[in-house]
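The structure under discussion appears below in the form of C-alpha cells.
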C-alpha cells in the first residue's frame, strides 16, 4: 500500500517555501524584508546620535553660562517671583474683577487670563511627555517652590513671552497712555527677555528649555489675541 503524504501541498511548493524562509521554514523573514529595515534603523540611529550631541552642547553651554554669571542672584530671584503663576494669575484676575480697570483693559486682560490657563495646560502636558530633569546644579528652588521636577520647556519663559507678545498685539486696541508709550512696550519685552535668560543663569533650566518656552509663549500670544479675545 502506498503511503499518503501528510501535506496536501505539492512538493515543489513546499520546497519553494523552505527556500524562501530558510532551513527551519518558520519564524524567519525573507532576506529582502530584513534588508529593507536597515535604512530605517540607520536613520533612527543617526537621529538619536544627533539628539545626544545637541543635548551635550545644550548642557555644556548652560553650565558655562551658569558658572560665569556675575549678576546678583537676588535680582534673578525677584524676576522669578514676578513671573510665578501663583502671583501672576491672581493679579490678572483681580484686575478683571475690578469694574473700572476691567472695562478699560478688556482687550488685554480677558485673553491674558485665558492664555495663562492655556499656557499652564500646554507646559504641563509637554513636561510630562518629555520628562527632562532639571540641571543638577539647580539650587534655591524653595524660593519659588517648583510644582514639578521637569525642565523642558521653561514655564517662566513661556509665560513672560506670552504676556509681552499679547501686550504688543493689544497695545493699539487700548486707548490708554501706558499702552501707547513705546517705552512701556520696550520695558515689558526687556522684562520678558531678562526673566528668560535668568532661568539659565539661576540653574533652573537649560538653554533649549528657555528657547522652546519662549517660542511657545509667542505662539500662545498670537492664539490668545486672535481666538481667546472676547472684545
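Just so it is clear, glycine is given a Cβ too, placed from its N, Cα and C backbone atoms.
Summarising the annotation, TrEMBL assigns compositional bias 'Polar residues' to 1-14.
For the domain 'Phosphatidic acid phosphatase type 2/haloperoxidase' (109-225), the DSSP counts in helix, strand and coil order read 81 helix, 2 strand, 34 coil. Annotation source TrEMBL lists domain 'Phosphatidic acid phosphatase type 2/haloperoxidase' at 109-225.
Here TrEMBL flags 1-33 as region 'Disordered'.
Taken from TrEMBL, the feature transmembrane segment covers 108-130 (among others).
Annotation source TrEMBL lists transmembrane segment at 206-228 (among others). Residues of the same chain lying 6 or more positions beyond the ends of the transmembrane segment (206-228) and with a Cβ under 8 Å from any Cβ of it are 54, 58-59, 61-62, 65, 110-112, 114-115, 118-119, 122-123, 126, 132, 135, 151-166, 168-170, 192, 196-197, 199-200.
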